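Student: Take a look at the following structure, please.
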Amino acid sequence: MLKLFFLILFCAIFLTVSSDSDNMQDTCPTAQGEESIFFINGYPCKNPTEINAQDFKSTKLTIAGDTDNYLQSNVTMLTASEFPGLNTLGLSVSRTDLERDGSVPLHSHPRSSELLFVVSGVVFAGFVDTNDKIFQTVLRKGDVFVFPRGLLHFCLSGGFERATALSFYNSQSPGVVNIGGVFGIDQERIVNITRSLVTDRDEL
């Protein structure tokens, strides 16, 4: 009886800390453009006889995103719906482009942690934990920073030139929760709140 209890406890802990479910086959590229008559936790697989190398390649992050907006930033996200080869692998990727005064205000990913890799420029990044403690730092080319799953986090341009970063997620559908949308707060106020978190204004 005690062994059964520990087995159930182990399974519960494993399910709690794990990310997306493991894939049950080598590959399962998303079947693009097909109407499904049933709904599953993921996407239907492409016919195995039609799978090819192009399903596992994407060039969508080679082009800078449009930063001509109030935030002066752009996040291009690739999930299994845009990048078929990611289906069932528990992975997503995105590109963030920041102009000199660009920002990606406070938001969270409820289903994924995020690993941020700076490709060029300077980025000021940080997150807030459940004890309201702020962890923030300046990142330069080649630096990596992690945002734990579900925690509010942000990115700001920290230099005098355009910055680019790549993010990797341990979910094929990380999800995004923007606090502005939840509470009906306009973008300008959210940006000001985000910038107010920065402790060393000289870094910006």
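Glycine is no exception: its Cβ is also placed from the backbone N, Cα and C atoms.
Annotated Mn(2+) binding site per TrEMBL: HIS107, HIS109, GLU114, HIS153, in sequence order. The disulfide bond feature in TrEMBL is assigned to CYS28-CYS45. What TrEMBL lists as domain 'Cupin type-1' is 73-191. Residues or ranges marked as signal peptide in TrEMBL: 1-19.
Could you tell me the structural context for the features on the list?
Tutor: A 10 Å cutoff on Cβ-Cβ distances gives HIS109 (Mn(2+) binding site) a total of 23 other Cβ atoms nearby, all chains included.
The number of other Cβ atoms within 10 Å of the Cβ belonging to CYS45 (disulfide bond), over all protein chains shown, comes to 16.
DSSP places the residues of the domain 'Cupin type-1' (73-191) in helix, strand and coil in these numbers: 13 helix, 59 strand, 47 coil.
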Student: Let me check the 10 A CB neighbour count of GLU114 (Mn(2+) binding site). How many other CB atoms are there?
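Tutor: Excluding its own Cβ, the number within 10 Å is 23.
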Student: Taking only the Cα atoms, work out how far HIS153 (Mn(2+) binding site) lies from CYS28 (disulfide bond), in Å, as a whole number.
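Tutor: Cα to Cα, HIS153 (Mn(2+) binding site) and CYS28 (disulfide bond) are separated by 32 Å.
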Student: Can you list the residues of the same chain, besides HIS107, HIS109, GLU114, HIS153, whose Cβ falls within 8 Å of the Mn(2+) site's Cβ centroid?
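Tutor: Apart from HIS107, HIS109, GLU114, HIS153, the close residues are SER108, SER112, PHE127, PHE147, LEU151, LEU152, PRO174, VAL176.
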Student: Drop a 10 Å sphere on every Cβ of the binding-site residues HIS107, HIS153 and tell me which sphere holds the fewest other Cβ atoms.
Tutor: HIS107
